[in-house]
Amino acid sequence: MDLTSIAAGFSVALSFEALLFCFIGVTIGTFVGALPGIGALAAISMCLPLTLYLEPTTALIMLAGIFYGSQYGSSISSILINIPGTATAAVTCLDGYPMAQQGRAGQALFITAVASFVGGSLAIILLMLFAPTLARVSIHFNSADYFSVMLFALVASSSAGDGSPIKGISMVLLGIVLGLVGTDVTSGYYRFTFGLFHLTDGISLVALAMGLFGVVEILNSIGQKYTVRVDPKSITVRGMIPTLSEMRRSLMPTLRGSFFGSVMGILPGTGATIATFISYIAEKRIAKHPEQFGKGAIEGVAAPEAANNAAVQAAFIPTLSLGIPGDAVMAILLGAMLLHGVTPGPQLISEHPDMFWGLVASFWVGNVLLLVLNIPLIGIWVRLLSIPYYVLYPAMLFFICIGVFSIRGSTFDVAVCVVAGVLGYALTAMRYPIVPLLLGFILGPMIEENFRRTMLISAGNPSVLVERPISAVFLSLSLLILLAPPLLKTIGGVPRLSRGKRRKTSV
């Protein structure tokens, strides 16, 4: 790590122009992220032409601020109204919204801000220290390794619920089927389109997520005449700060979430969404009281939010160092660099050191600005809970429809959102978990692509999946997760039975 280069980067990031546009970026990102369905992709795409009039470094600082600012903003609607602003905040709904219903929305938003700051800061340190090395390591992941990692994520999510693992697996399979709808990128054939032209491009992730979380919440609220009572004391600074016990419980989940987010963010094509799922599943697995998850556990908010922001910051490592965008937003940022005459890749650090280190330093400045900007706004966000349901939910439905329509300008997507909401309502009524469905939808096409590529490279020999060490490790973990519960139940049932018999005979 070159301290001189880092100091030069902070001198760029702390200039008046850079600070101004960094603040503009994170502010736009926060509010765009809080509006369900809009997201960073649409906001960055709309702002991209305006950045052509700015200096390249300043333009990238603003666009990057919109990106990671939207990740924090997306958690606001997840916590307050159970609608994720983006897919990355879907996991936050699981415990953030129950906390809001318990009158702890202020604490949830506060811990979100702190966990996001910690996760982002640790990822930035990682970026400064190990960007070239970690980028070289991630490039050695091949299709077999990616397939095994994604399969592990699906298996873990299917068994993380409180219900039957069979229900979780069935939801994963349903999500995979929905994710495969559309045109096969290899053969060009249509799959599961049923003659509908609108399905040739596949089902919109935004439409599905908004339906499964937003519309379902609205349907569940039908007939409710009450609102969440907001205690005025909870809106004070003291009322918003979590207790010492809650802060202590959040510390290790925040650090572990930061680790998962940093690792997953480095790998191109994985992204923050998978990192949040994995961090949440891991916390529930190791928790002393896993039954509290889904009912307002603060660990279930801290871990995914730290992972979310860490993954976003770490995703810049392959984009800047290798020129490999990890997702659509990174592809837009890559295009912005090319529009400004800057070619990302191994030569970026040597040819444009001020831009590289200035951008990296601006990430930390932006995280500080997010912390300073959003903690004072917590009281305003919490007061939204006092709005009556008969006013709030029609407005929510309106913004859901607008957000879904704005992505592709398609009324068909709005219809998909409504159908997904009805489907989600029926599934939740039958106690089927929704999160594995969404994760299966996201990872299904990626798993298919990597499996197909693996079979082509190995000439159809599946043994390559266990010959590579990384792939073999994750396949073993997947098998362990599937077999561990029945084995533990079988082994643990014997002593419990014998103890029961001894008690009965001694009475």
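Any Cβ shown, glycine's included, is placed from N, Cα and C.
Quick look at what TrEMBL annotates:
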| type | residues | note |
| --- | --- | --- |
| TRANSMEM | 18-43 | transmembrane segment |
| DOMAIN | 19-439 | domain 'DUF112' |
| TRANSMEM | 50-70 | transmembrane segment |
| TRANSMEM | 109-131 | transmembrane segment |
| TRANSMEM | 168-190 | transmembrane segment |
| TRANSMEM | 196-219 | transmembrane segment |
| TRANSMEM | 257-282 | transmembrane segment |
| TRANSMEM | 322-343 | transmembrane segment |
| TRANSMEM | 355-381 | transmembrane segment |
| TRANSMEM | 387-407 | transmembrane segment |
| TRANSMEM | 414-434 | transmembrane segment |
Check your understanding: In terms of Cβ proximity under 8 Å, which residues at least six beyond the ends of the transmembrane segment (257-282) contact it?
Key -> 71, 87-92, 94, 115, 118-119, 122-123, 126, 134-135, 137-138, 141, 146, 149-150, 153, 156-157, 160, 293, 300, 302-315, 317-318, 322, 324-327, 435, 439, 442-443, 446
Practice item. Sort out the residues at least 6 away from either end of the transmembrane segment (414-434), same chain, that have Cβ-Cβ distances under 8 Å to it, and list them. Key: 161, 163, 167-168, 170-171, 203-204, 207-208, 210-216, 218-220, 400-401, 404-405
Point to revise | Dominant neighbour of the transmembrane segment (109-131) in 50-70, 168-190, 355-381, 387-407, by Cβ pairs under 8 Å | key: 355-381
Point to revise | Within-chain partners of the transmembrane segment (50-70) [C-beta distance under 8 Å, separation at least 6 from its ends] | key: 12-13, 17-18, 21-30, 32-33, 39-40, 43-44, 85-86, 120, 309, 312-313, 316, 329, 332-333, 336-337, 339-342, 354-355, 358-359, 362-363, 366-367, 370
Revision key, fill the gap. Counting only residues at least 6 beyond its ends, the same-chain positions whose CB falls under 8 A of a CB in the transmembrane segment (168-190) are 154, 157-161, 199-203, 208, 427, 432-434, 436-445, 447-449, 452
